[in-house]
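Working notes, structure below.
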Ligand SMILES: C[S@@+](CC[C@H](N)C(=O)[O-])C[C@H]1O[C@@H](n2cnc3c(N)ncnc32)[C@H](O)[C@@H]1O
């Protein structure tokens with residue numbers, strides 16, 4: 001395996017306080033460069049990936065190629081995306097003139113900005129700072145791949161596999177589990193890397209759901225943001241908040257006005273996409289003040305007050321219908337979230 005000793009790189013100031021050095025390459029923490037140094041671990045990851053000899057494998061961040069070599073031996077082809085030109089050179093040098101070289105394609109660039117090619121399986125020890133955007137980039141890739149075997153920071157991995165009631169169950173959990181089934185495969189200690197990172201790691205297996213669960217993206221995102229804004233509060237208290245109710249009411253009225261102008265009130269089309277009509281931030285989700293205390297909606301003035309409390313009754317009626325008023329997001333299953341959103345939408349209440 002490439003990469004023997006870490007030598008201290010001499011700093012320009014002569015203090016020697018610099019990144020470690022390996023095979024002529026100093027590692028950059030800013031690029032999450034922690035190379036796998038334990039060959040047994042590399043073998044275990046490849047074996048758990050269940051690679052077929054016909055597989056096109058996507059590797060993200062191949063570094064000096066310790067994992068790449070085993071992937072080339074297991075599959076038909078490896079497409080490796082690496083941001084650091086020094087690593088790209090090292091990788092090409094390592095496989096040049098070997099029978100493996102014609103089955104390796106290296107793309108130099110930031111994986112988040114790269115259009116990904118077709119692949120059957122992704123195997124990667126990634127820089128942890130891109131964990132979240134990379135996961136969603138992979139999960140939106142079409143056609144869907146068979147599975148991804150990825151090393152993440154332990155806490156991030158535990159958030160992906162968390163179940164309702166677990167401390168780490170969060171919006172990230174529900175969003176990823178909407179798109180995929182995720183399994184924890186392996187705990188990995190810091191000392192398997194060179195240089196060792198500050199945190200422990202875990203390898204997980206991500207299997208995109210086939211078929212996908214269809215949701216309207218902005219609607220789903222807006223809904224979950226509200227539910228998880230204060231995940232340990234009851235949904236009854238979250239949906240009684242003034243800010244939540246007034247945002248939902250604004251969306252409701254906009255939708256009503258649009259439907260009236262199109263003569264659609266009696267003929268609701270559940271598949272119409274009204275995203276973008278409501279108040280939303282640049283991600284298309286409504287902004288709720290996290291510090292807002294529980295409050296009843298208190299709008300001054302006769303008509304406004306009446307309308308507001310009518311709307312509040314409508315919202316609370318939806319929660320009661322599904323028996324959600326006393327439940328908390330921290331304990332709701334994916335199916336329950338999907339069901340509650342469908343009840344809101346059926347009542348004409350929208351989140352985007
Ligand atoms: C944790 S190291 C893994 C190296 C190697 N796969 C191994 O396991 O020994 C992460 C690698 O990802 C590369 N990298 C960092 N950010 C990247 C990005 N945005 N796109 C592609 N590669 C990136 C780094 O240069 C580094 O080679």
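Quick reminder: no glycine exception, Cβ is built from N, Cα and C everywhere.
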Can you find which of 125, 175 TrEMBL lists as binding S-adenosyl-L-methionine at the same site as 34, 36, 61, 82, 110? 125
For which of the residue intervals 1-23, 139-161 does TrEMBL record region 'Disordered'? 1-23
Of 34, 36, 61, 82, 110, which of the binding-site residues has the most Cβ neighbours inside 10 Å? 82
Restricting to the chain of residue 125 (S-adenosyl-L-methionine binding site) and a gap of 6 or more, list residues whose Cβ falls under 8 Å of its Cβ, or answer none. 34, 36, 45, 61, 63, 67, 150, 151
Please report the DSSP secondary structure of residue 82 (S-adenosyl-L-methionine binding site), reduced to three states. strand
